[in-house]
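Chemist: Below, the features straight out of Swiss-Prot:
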TOPO_DOM  1-17  topological domain 'Cytoplasmic'
TRANSMEM  18-33  transmembrane segment
TOPO_DOM  34-380  topological domain 'Lumenal'
CARBOHYD  ASN93  N-linked glycosylation site
CARBOHYD  ASN113  N-linked glycosylation site
BINDING   ASN167, ASN190, SER300, THR301, GLY302, TRP322, TYR336, HIS337  CMP-N-acetyl-beta-neuraminate binding site
CARBOHYD  ASN206  N-linked glycosylation site
ACT_SITE  HIS354  active site, proton donor/acceptor
Amino acid sequence: MRNCKMARVASVLGLVMLSVALLILSLISYVSLKKENIFTTPKYASPGAPRMYMFHAGFRSQFALKFLDQSFVPITNSLTHELQEKPSKWTFNRTAFLHQRQEILQHVDVIKNFSLTKSSVRIGQLMHYDYSSHKYVFSISNNFRSLLPDVSPIMNKRYNVCAVVGNSGILTGSQCGQEIDKSDFVFRCNFAPTEAFHKDVGRKTNLTTFNPSILEKYYNNLLTIQDRNNFFLSLKKLDGAILWIPAFFFHTSATVTRTLVDFFVEHRGQLKVQLAWPGNIMQHVNRYWKNKHLSPKRLSTGILMYTLASAICEEIHLYGFWPFGFDPNTREDLPYHYYDKKGTKFTTKWQESHQLPAEFQLLYRMHGEGLTKLTLSHCA
């Protein structure tokens, strides 16, 4: 009897030791994982496949990629071929692009939904929010309505080549600035700085998005004279560009939106920037991308800008779309944003809302089909 108990204890201890050993091995694998494994990892079974299959297919890379860091997903071998062996010459497929544009327009009237206009809302009208409970509302004030354009800022606009510039750290050292600035229209995301990074990201800006939370994060809600001056000077640099302000995504933006409205009314006529305030556009945009098997809690700003660009651009080139913490060309570590301070740790907070790797894979597939040019290598 005693021998049986001892045997059971020994068995349990053995299982515990094996589990600890596997955990230690996985941690070591994660730390020592070479970045090239991201590209050479074969297509393994789906997450629901038998665990032993994944061990057999390649324990180190699969365990580290699949279970320890969800931001790193196996990238297809075709990406390896294009970036590391023989960069292919991208060819624009106009027929496919026009077909996609038509598909998008069936779900989203981009011109109409690009911005609210004076004629599309009335004073006292209650606006709801795309990503908040229906109980939250924003009342259209006289000041807010006075800031709306008379017609959509992109009405009857057409541009040959457009650049949509994301904020990924892959732009660091890319020398893509001149190429971006040659575009006929440049979309930028989240009021990203350009001057100190112009060699990599360019200076030209025709449209930049402005999430109201930026006012809290970088301009202290305009609480001091210095904060207000800094914001004014930043806006002045935009000259006649469009400032696209998605004020109706979250109810938490309401107070900041009112602060913005007061500021723009106060400085009416002093700035050349064009204001655009989209209404509830996301329900339409989400519907299109859901048909492409992309349905995160929230789409990224970058893919939203691609959606808008499809309506006014004859050809779209993407820069700064890379959601991983290393450069695919040099394998050096990258910051999450190109403008992050040196030494800033790569963040994966976006996982709470976005599906950036899935978005990237879709965009890369579109690149291969000639729908859009996705720049991942250095430009010079």
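Each Cβ is built from the backbone N, Cα and C atoms, and glycine gets one as well.
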Chemist: Rank the recorded positions ASN93, ASN113, ASN167, SER300, THR301 by the number of other Cβ atoms within 10 Å of each Cβ, and give the residue at the low end.
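Modeler: Sparsest of the recorded positions ASN93, ASN113, ASN167, SER300, THR301 by Cβ contacts within 10 Å: ASN93.
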Chemist: Whole-number Å only: compute the distance from the Cα of ASN93 (N-linked glycosylation site) to the Cα of SER300 (CMP-N-acetyl-beta-neuraminate binding site).
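Modeler: That separation, Cα to Cα, works out to 25 Å.
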Chemist: Please report the Cα separation of TRP322 (CMP-N-acetyl-beta-neuraminate binding site) and ASN206 (N-linked glycosylation site) in Å, rounded to an integer.
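Modeler: TRP322 (CMP-N-acetyl-beta-neuraminate binding site) to ASN206 (N-linked glycosylation site), Cα-Cα distance: 22 Å.
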Chemist: State which of the following recorded positions has the fewest other Cβ atoms within 10 Å around its Cβ: ASN190, ASN206, TRP322, TYR336, HIS337.
Modeler: ASN190
Chemist: State the count of C-beta atoms found within 10 angstroms of the C-beta of GLY302 (CMP-N-acetyl-beta-neuraminate binding site), not counting that atom itself.
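Modeler: There are 27 such Cβ atoms around GLY302 (CMP-N-acetyl-beta-neuraminate binding site).
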Chemist: Summarise the model's confidence over the topological domain 'Lumenal' (34-380) as a mean pLDDT value.
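Modeler: On average, pLDDT over the topological domain 'Lumenal' (34-380) sits at 84.
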Chemist: Distance between ASN190 (CMP-N-acetyl-beta-neuraminate binding site) and ASN206 (N-linked glycosylation site) at the Cα atoms, whole Å?
Modeler: 13
Chemist: In which DSSP state, out of helix, strand and coil, do we find ASN93 (N-linked glycosylation site)?
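Modeler: SS state of ASN93 (N-linked glycosylation site) = coil.
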